[in-house]
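A.B. asks: This is the structure I want to talk about, given as structure tokens.
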Amino acid sequence: MIVIPAIDLKEGRCVRLEQGLMEKDTVYNDNPGAQARSWQEQGGELLHIVDLDGAFAGVPRNRDAIRAIAEAVSIPTELGGGIRDLPTIEAYLELGIDRVILGTVAKENPELVREACRLFPGRIVVGIDARDGLVAVRGWADVTEKLATELAKEMEGFGVEAIIYTDIARDGMMGGPNLEATRALAESISVPVIASGGVSCLEDIARLMTIEDSGVTGVITGKALYTGSLDLREAVALTKGKA
């Protein structure tokens, strides 16, 4: 299992939201490139970037900050938020992003995901955000009636590289990850699942490691790293058996 530091971008700055609410944001760094370098230096093996403005607007909004991050690090990067067409996917891959995360479009235009997987094999990840097991879309603003496990199986059939599963009620609240829901999703498919939302401390990482055999290959953490309740070096050491 790998620990994946998150950089959420709003108006060109690194922020964290509580439960996906744009008005409940805390700014942690005005320099996204410097923040990315810091996570790499502390042992991060993959960077998770979210264009929050893009997620809510449905179009890219933080291209300069994203370029700065891609140029600042040598580790792989993945990016989501407002990516809803093939030209945007291609533009971000050409910008230096290693893999693109599709969220809302996976539910609303699944054929685009199928085509993206065909054109860019190994570089398409689907983010499934859920509340009470139901898929949420459009920056978490709308909760649908589709089960997260059902959508995950569809995406697996398209050939996505991985599924990022976020429990919205846990995200940014530091209440611990939803192990049961994450395990259930991972066991329903054969593609790797990355857990997201709620990690607050080293113990939460240890708990997630107990469901690694279900197919949970990584964990994304943001707020816990920024507030200091989780140390990235310690988390990486734990997952590598060196803690």
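Placed from the backbone N, Cα and C atoms, the Cβ positions cover glycine too.
Found this in Swiss-Prot, in case it helps:
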ACT_SITE  Asp8  active site, proton acceptor
ACT_SITE  Asp129  active site, proton donor
A.B. asks: Among the active-site residues Asp8, Asp129, whose Cβ has the fewest other Cβ atoms within 10 Å?
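C.D. replies: Looking at the active-site residues Asp8, Asp129, the Cβ with the fewest others within 10 Å is that of Asp8.
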A.B. asks: If you measure Asp129 (active site, proton donor) to Asp8 (active site, proton acceptor) at Cα, how many Å is it?
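C.D. replies: With the alpha carbons as reference points, the distance is 15 Å.
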